[in-house]
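Report on the structure given below.
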Amino acid sequence: MSSLRFSLLILGLLQVVSLISHSQSLTCTSQKFTNNKLYEYCADLSQLSSYLHWTYDSSTSSLSVAFVAAPAKTDGWISWAINPTATGMAGSQALVAFKDSNGSMTVRTYNISSYSSIVPSNLSFAVTEMAADSSGGMMRIFATVILPEKGATTVNQVWQVGPSLTDGVLDKHEFQPANLNSKGTLDLLKGVSTTGTGGGSRTKKKNIHGILNAVSWGIMFPIGAIIARYLRTFPSADPAWFYLHAFCQVSAYAIGVAGWGTGLKLGSESKGVQYTAHRNIGIGLFCLATVQVFALFLRPQKDHKFRFYWNIYHHGIGYAILILGILNVFKGLHILGPEEKWKSAYIVVISVLGGIALLLEGITWVVVLRRKSSESTKPYDGYNNGQDRQRPLAS
């Protein structure tokens with residue numbers, strides 16, 4: 001028994017050592033290059049499991065770098081850039097490595113002056129000794145750049161990974177938080193890489209936008225529709241059902257407008273990043289919901305000749321909002337990329353609401369059919385149309 005315990009202890013220690021060794025291999029300090037080149041500093045970058053090695057000669061403003069990252073897919077690409085004018089992608093001077101048509105690693109330079117045209121071009125500063133290699137699922141870029149500003153000690157850096165190329169053109173990278181926050185400041189002399197500011201704040205804004213819209217378009221509007229369709233079947237619920245329905249929908253509209261506004265703000269702060277379908281559906285929802293809310297003030301009386309047409313319009317727009325709202329919530333979840341539990345939670349909520357709607361639909365039909373049956377079998381009581389008592393024949 002003691003020998004078994006000893007064996008288990010040794011096995012456990014070996015697993016711990018293996019885990020420690022594996023974790024150390026995922027840091028820049030343990031990385032070595034086939035060209036045996038050494039660098040003065042290295043940093044584990046904050047996003048995309050990427051690493052940067054560099055040596056800076058302040059007398060010549062020469063920066064020698066080695067960037068290491070795993071592409072999004074096997075035949076993808078990696079990129080490291082300096083942005084002399086801003087902190088984001090626009091204006092960055094990028095080095096991009098990928099496999100060419102022959103399967104050999106190559107490096108190209110990209111002056112990203114705009115998002116609309118990303119093609120190989122000369123950088124705004126000199127770059128030499130460009131090379132790239134690939135092994136173990138990682139790609140590496142090597143280069144020496146002459147910084148445009150003499151005596152500079154810090155630079156804005158941007159890095160990225162992409163999935164593939166199509167006819168030699170870089171395909172778009174993902175727009176997950178890790179991709180959008182892969183930027184920062186590099187202190188060349190202190191050997192420190194800091195994360196770009198605003199990433200956490202931006203993620204918080206996106207979460208607020210998602211929560212507001214999921215609650216309004218994805219939950220409250222369906223609840224309001226269920227109230228209107230099923231509670232009004234019962235005479236005792238009139239007019240309470242109407243006030244509940246109006247309160248729910250107006251509240252959902254107010255929350256939805258707030259979510260829509262945060263979406264517009266995020267869009268204005270993300271030039272070049274567009275989610276066209278999600279954006280267009282959101283604008284359409286806002287317009288339809290605005291018309292629907294104002295229709296409350298144009299609601300004819302029950303016996304008005306236009307009430308029939310108003311009902312068709314009101315129900316049609318309502319169902320359109322219901323379908324588009326739920327659809328756009330799922331599109332937003334795909335864009336935001338939260339933990340799977342949040343998507344599962346929304347699926348559970350909308351499934352429960354759907355189940356309640358189906359149950360109430362069945363109950364409503366039973367009530368309506370019984371009501372019609374009782375009215376059709378009511379015995380003749382000596383009245384004409386239930387209003388005028390039958391009069392005796394004149395003598």
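Placement of Cβ uses the backbone N, Cα and C atoms for every residue, glycine included.
Per TrEMBL, the features are:
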- 1-19: signal peptide (SIGNAL)
- 48-162: domain 'DOMON' (DOMAIN)
- 169-369: domain 'Cytochrome b561' (DOMAIN)
- His209, His245, His278, His314: heme b binding site (BINDING)
- 210-228: transmembrane segment (TRANSMEM)
- 240-261: transmembrane segment (TRANSMEM)
- 281-298: transmembrane segment (TRANSMEM)
- 310-330: transmembrane segment (TRANSMEM)
- 345-368: transmembrane segment (TRANSMEM)
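Distant neighbours of the transmembrane segment (281-298): 213, 217, 246, 249-250, 253, 256-257, 260, 263, 310, 313-314, 317-318, 320-321, 324-325, 327-328, 331; these residues of the same chain sit at least 6 beyond its ends, with a Cβ under 8 Å from one of its Cβ atoms.
Per-residue pLDDT, averaged over the domain 'DOMON' (48-162), rounds to 90.
Long-range Cβ proximity for His314 (heme b binding site), meaning a same-chain Cβ under 8 A and a gap of 6 or more residues, is found for Gln292, Ala295, Arg299. With DSSP classes pooled into helix, strand and coil, the tally for the domain 'DOMON' (48-162) is 0 helix, 62 strand, 53 coil.
For the transmembrane segment (345-368), the neighbouring stretch richest in Cβ pairs under 8 Å, chosen from 210-228, 240-261, 310-330, is 210-228.
With His209, His245, His278, His314 listed as the residues that bind heme b, the site has a largest C-alpha separation of 27 Å.
Cβ neighbour count for His278 (heme b binding site): 19 (other Cβ atoms within 10 Å of its Cβ, all protein chains included).
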